[in-house]
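Peer 1: The structure's right below; bear with me while I get my questions together.
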Amino acid sequence: MRSATKSTLLVAVPAFLDVAGAFSTPFGIPNTFPALSACASQPSFFSCENTTVIQNTCCSPTPGGLVLQTQFWDTYTGFEKEGQKLPKNSWTIHGLWPDNCDGSFDQYCDLSRQYDPAPSPAKLPDGTVVPAYKGPGVDTFVEQFGRQDLLDFMNKYWVSQGQPNAAFWAHEFSKHATCTSTFDVACYGPGYKKHQDVVDFFDAVVRAFHQFPTFNLLASAGIVPSNRTTYTLSQLQTAIKAQTGSIPYFGCSSNGTVLSEVWYFNHVHGTEQFGIFKSVDSTTPSTCSATGIKYLERTPTSEREMTVTLALDAGASDPQVRRALSDISLSVAKAKKIVVVTGAGISCSCGIPDFRSSDGLYALVKEKFPDVVLKGRDLFDASLFRDATSTAVFYTFISQLKRSIDAAQPGATHHFIKTLDTKKKLLRSYTQNIDGLEARAGLLGTSCEDAKSNGKGKAKIRTREVRNVQLHGDIHSVRCVACSAEYPCSEEYLQVFEQGGAPECPECLSRAEARVARSARATRIGSLRPGIVLYDEAHPLGDDIGAIHTADLGRKPDMLVIMGTSLKVHGLKKLVKDFAKAVHSSRTASSSSKKPCKVIFVNKTPPGSEWSEIIDYHVAGETDKWAERVIEDWKKMRPADWEIQQTLDECDLEKSKPGFKVVKSRAPLATKSGKGDRENVPPQPTAKGSTENGKPAPPLSPSKRRQKSSHYDDVNSSPSKRQSIIKSECPVPKEERKMLFTESTNKPTASALDKEKSKMDISLCDLSMLDLDGDSRPGKLAVKRVELEETSAMDISILDQSMRDEESQKPKDSKSKPKSPDRPKRSIPTRARGKRVQKGTQIAH
């Protein structure tokens, strides 16, 4: 603020209403502000330099023809806890002041436009009391005109100390803008909208601030904030004059030792909002000392990290911008866990028509329903289903949009995301779009059938396989409003939607028909609707998406890329802030000194002020152009990431094109011994199961033998018990199965007679097992005799021979009793199918 050294009232000639009621100036020049076509006939002069009478005061500031653009250098705000922080590497705006070309100025000239909650001064020199304003803040005036971009910039660079920003802005307008003729309400004519003059003044202040980047002007001369270094007033003045051509006013506090303020004096040709500024030397002496001036550093907690904006098109002409864009491309190439968040901006170049143009989708719907008045947002609000007419309009609109999407193709941005996934750098993609173009590019989405698990009940999402999370659903699917069954949006359904109707649900219809067939009450048949998520509507896959979001946060992403979205939807804002916090938390100590390329925002329009400490870089431009540039830089900087290793075999060499030279294999060396070059020659592989010297290989023990762990086969068993049958390379013949241990494994090969004897022993053991029942009654023995008589003659002869051999080997005992000829006793072989036979079992002949 400044105090009026002189309050000389130079009455400006305002525009007024003529007899016909039209707005005009006293000299008959029609006022067309802000088009300013009426100002084109004015003499070419700058304010404070004119020698003729100003005919239209709306075209040039009167009486304050000298305009001061003032800036602050504060080290804190006092409102840090409320998020009111200072911009990094930048001075802040103080105001835009009108001066009467002689050092005097006016203040609070129109009390009907007084919005200052704490006027200073509270009483004017003529004794008029300036009442305090108690209405809504001036920031709401800016919002009413839809100038969120202007409000965001003001919150970044027009920062107050000791009071809220909006109160400071109201003070500057009420005290200074009301005393400038170019912002007089009468200059706007009959088309004036309330508070339009306030918004225009703020625009003019921001425009003037852009012309004098004080921090950069001083830094180019080596003058930067420091708590140790001091500067002279001459150094400060020379640094600014070298680039602006004039010496500004420097203000200092603490007895002239701490730099705190700068004023740039200007003459203006035209209005402050659209005219040309001509810098002139200050007419106010500096309050700084000649030497020992401190340009203090700011408190770390009072300064916010500002988003760096890089114009994509400026990369061709500006080396600094080109270098910064290359650094971003290199960061993408080096990242390992990238999260991508996209909006409608990535599909603008894919052939999908816009909504609001003369031939857009809104116009097509308006042509079909001329009597229905619906705003664009109303077509995507869940409340539209309450009215049959709005529902029909919605279905028609969606059908037209679906056909436009079907004719579109994925763009460069979609293929860029797929490339990140192919190179194993994509952690996950999240999109607001409903067009499904990511799936055509090869990214599996949450609405795809392949992403859903099979089984009973509600299908769940296989989070590991999903690469693209569709936050607002997919237009290529429809779901029932009653049973939530989902189906692809076929041509049949699309034709019904075009007529404003809704097709019936096949699931509900079949269930109702089945109930009627068994004489039960028919249930309600639901209708199908597009499978997209509207405003104020819960996502049907909300739990699954929440689980994916939580899992991705736990995997610690190292980069966040936001493309083609304005970041206005509440749910998306929370998601982006969560990922940005996770990305910034992964910063290492080495990267803290240099601004890392962590959170990148690619969009034509800048982000809002709330993202200034979240987004690191804003690339202003089309997403497709930026994606193509990143791929191009990536291939140049890291060519190894794009190399593909190929193996050539003999078939490939034979098919190679003529002229392709192939290195011939080296011929073996001839030696005197005739063995040739046998060094490093691997031995010939032996066939599996072959033995040396013709000896059979001993079989494996049962514990090492490969067997199936289940007795179920692959046909009659359930999927959980089903096992694949192990195919043996050398299967055992069927006739030799169950005989693995009939031969000794540590003796030479048995003779043919011994083999026959072994087989016979097994047969006899089968017969002898019948005696294990413990019943030796005559009836039973007769049965056994009959069964034994049916045995082949060859078997009996062999049995007799074996028994005689056994009797001959026993020692003769003189005291032993002669055996009964009709019931001889003998010992049955004790090894038969793994069971031991009781000693003394008799066999009848």
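Here, residue 1 is simply the first one shown, and the rest follow in order.
Yeah, the Cβs are placed from backbone N, Cα and C, and that goes for glycine too.
Under the heading active site, TrEMBL lists His94, Glu172, His176. Sequence annotations record features per position, and here TrEMBL assigns active site, proton acceptor to His472. Among the features that TrEMBL reports, Zn(2+) binding site is placed at Cys480, Cys483, Cys505, Cys508. TrEMBL lists 715-726 with the feature compositional bias 'Polar residues'. Look at TrEMBL and you will find 802-825 tagged as compositional bias 'Basic and acidic residues'. Taken from TrEMBL, the feature compositional bias 'Basic residues' covers 826-838. Among the features that TrEMBL reports, domain 'Deacetylase sirtuin-type' is placed at 318-643. What TrEMBL lists as region 'Disordered' is 664-757, 794-845. Per TrEMBL, signal peptide is recorded for 1-24.
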Peer 1: If you measure Cys483 (Zn(2+) binding site) to the residue listed as 'active site, proton acceptor' at Cα, how many Å is it?
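Peer 2: Roughly 20 Å, rounded to the nearest whole number.
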Peer 1: Expressed to the nearest Å, what is the distance separating His176 (active site) and His94 (active site) at their Cα atoms?
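Peer 2: That separation, Cα to Cα, works out to 12 Å.
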Peer 1: Report, in whole Å, the straight Cα-to-Cα distance of the residue listed as 'active site, proton acceptor' from Cys505 (Zn(2+) binding site).
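Peer 2: Roughly 22 Å, rounded to the nearest whole number.
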Peer 1: From the centroid of the CB atoms of Cys480, Cys483, Cys505, Cys508, the recorded Zn(2+) site, which same-chain residues not already listed sit within 8 A by their CB, in sequence order?
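Peer 2: Not counting the recorded site residues, we get Val481, Ala482, Ser484, Ala485, Glu504, Pro506, Glu507, Leu509, Ile525, Gly526, Ser527, Leu528.
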Peer 1: Near the Cβ of Cys480 (Zn(2+) binding site), how many other Cβ atoms are there if near means within 10 Å?
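Peer 2: Step by step: centre on the Cβ of Cys480 (Zn(2+) binding site), count other Cβ atoms within 10 Å, giving 21.
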Peer 1: For the active-site residues listed here (His94, His176, His472), which one has the lowest count of neighbouring CB atoms within 10 Å of its own CB?
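Peer 2: Looking at the active-site residues His94, His176, His472, the Cβ with the fewest others within 10 Å is that of His472.
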Peer 1: From the recorded positions His94, Glu172, Cys480, Cys508, pick the residue whose C-alpha lies nearest to the C-alpha of His472 (active site, proton acceptor).
Peer 2: Cys480
Peer 1: Any same-chain residues 6+ apart from Cys508 (Zn(2+) binding site) with CB under 8 Å of its CB? Would you list them in sequence order, or say none?
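Peer 2: For Cys508 (Zn(2+) binding site), the qualifying residues are Cys480, Ala482, Cys483, Ala485, Thr523, Arg524, Ile525, Gly526.
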Peer 1: Using all protein chains shown, find which of the binding-site residues Cys483, Cys505 scores highest when you count other CB atoms within 10 A of its CB.
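Peer 2: Per the Cβ count within 10 Å, the most buried is Cys505.
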Peer 1: Take the Cβ of Glu172 (active site) and count every other Cβ within 10 Å, whichever protein chain it belongs to.
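Peer 2: Looking across every protein chain shown, the total is 23.
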Peer 1: Given the model, what does the mean pLDDT over the domain 'Deacetylase sirtuin-type' (318-643) come out as?
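Peer 2: Averaged over the domain 'Deacetylase sirtuin-type' (318-643), the predicted model reaches a pLDDT of 86.
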Peer 1: If one measures from the C-alpha of Glu172 (active site) to the C-alpha of His94 (active site), what distance in angstrom results, rounded to a whole number?
Peer 2: 8
